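What follows is a single structure, written as C-alpha cells, with notes after it.
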Amino acid sequence: MRGTPHYVTVSAGEGCVEAAHALLDAGAGANMADNDGRTPLSIAAEKGRGEMVRVLWKAGAGVDVPDNDGRTPLVMASFKGWVEMVRILLEVGSKADRPDSNGWTPLLIASLMGRAEVVSELLAGGAGVYVPDNDGCTALAMAAQEGWVEVVRALLEGGAGVDTPDNDGRTPLSIAALKGCVKAVRTLLEAGAGVDVPDNDGRTPLFLAAQESLVEVVRALLEAGAKVDAPDEDGTTPLFAAAHTGFMKMVCTLLTAGASVDALDSAGRTPLFLAAQAGWVEVVRTLLEAGAKVDVADHSGRTPLCVAAQDGWVEVVCALLEAGAGVDKMGGALAR
C-alpha cells in the first residue's frame, strides 16, 4: 500500500486522533512521507484538521517539510483557505514565506485564490507582502489579475507597493487592465496607482486594455487621466490596437476621447492603414469620417488602398476610393 500508517490515519476522518496517538506511541515516524513526498502533517493541514496537526507537531513532526513539489503544509492550508489551520501552523513556527518549486509562497497562493481571511492571517504572521514568484509577480498582482478586490485592499493595507512591476515591467494595474478586472482597476487607481506606467514594451494599462477590446476598463482609465495616445516602443498607440482588432466600440471610445486619427508608428503606418490591411470596412469608414488622411504611405511606400487591394478587401477598396484615395499614389507598391 502506498504511503504510511499516518497517511491512512489522516485520511480516515475526523475521529482518528486516538489512532494517531497509538501509532506514534508504537514508534511510527511522524515525518514519514508517501510517494508524493507528503508527510502526515502536510495531509492533515491540507484537510484542515487542526487537532491532528497539533498531535503530530508535539510528536516531533516538521511543520515545514515540503512535498515533491516543494509545497509545505502552510502552502497547502493557504491554497485550501483554512484560516484556523494557517493560524495554527504559524503559531507552531511555520515559515510564512517559504516558497514551493515555482516560487509561490503561501501569500501568493492565497492571493491568487481570493482567500482574503487567509491573506490577513499571513500578513499578521509576518508574510512578506513584496515577495514575488519566479516571474516577479507579487501577491497584489495575483489578486488584481483575478479581480479579488477584498484581497487587493488587504494587501494594500498591509503595505503592498501599488506600482511594483513583474519581470515584464507590468504593474498590478496593467495586469488588472489586461485581464478586464474593472473593479480591481478602480481600486488600484483609488490607491494611487500610476495610470500610465508602461511595461517593458512601452505599453500602458490603456494600451493593454484597448488591445483586448475591454471598453469598461478603457473608460475607467481615461476617467483617471490616462493618456489616450501614449505610444509603445514601436510608436503604436491604443487606437492602432483597436483598429487592428476591428472592434468598433473601442475605436469610437478612443476617438471620442481625442485619440489622434493620423498617428504614425515606427513603420510609418496609420490606424487607417492597419484597419484597411485587416479588412475592417466599418472601422475604415469610421476613421475616414473622423478625418483620417486617406493616402498616407508607410516607409515602404504602401498606402491603405494598396494593402487593401493586395489582400483582396473589395469593400475596403471601394470605401477608400469613395473617400478620394488616389490610385496614382500606389506607384509600384502594389507589385510588392
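Keep in mind that glycine also has a Cβ here, set from the backbone N, Cα and C atoms.
Remember, it's a predicted structure, so these values are computed and weren't measured experimentally.
Annotated in TrEMBL:
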REPEAT    36-68  repeat 'ANK'
REPEAT    69-101  repeat 'ANK'
REPEAT    102-134  repeat 'ANK'
REPEAT    135-167  repeat 'ANK'
REPEAT    168-200  repeat 'ANK'
REPEAT    201-233  repeat 'ANK'
REPEAT    234-266  repeat 'ANK'
REPEAT    267-299  repeat 'ANK'
REPEAT    300-332  repeat 'ANK'
DSSP helix/strand/coil residue counts for the repeat 'ANK' (36-68)
16 helix, 0 strand, 17 coil
Helix, strand and coil counts within the repeat 'ANK' (135-167) (DSSP)
17 helix, 0 strand, 16 coil
What DSSP reports for the repeat 'ANK' (102-134) is 17 helix, 0 strand, 16 coil
State the non-local partners of the repeat 'ANK' (102-134) in its own chain: residues 6+ outside its ends, Cβ under 8 Å from one of its Cβ atoms.
70, 72, 74-75, 77-79, 81-83, 86-87, 90, 96, 140, 142-143, 146, 148, 150-151, 154-155, 158-161, 164, 166
Excluding the flanking five residues on each side, which residues at least 6 beyond the ends of the repeat 'ANK' (267-299) place their CB within less than 8 Å of a CB in that stretch?
234, 237, 239-240, 242-244, 246, 248, 251-252, 255, 261, 305-308, 311, 313, 315-316, 319-320, 323-326, 329, 333
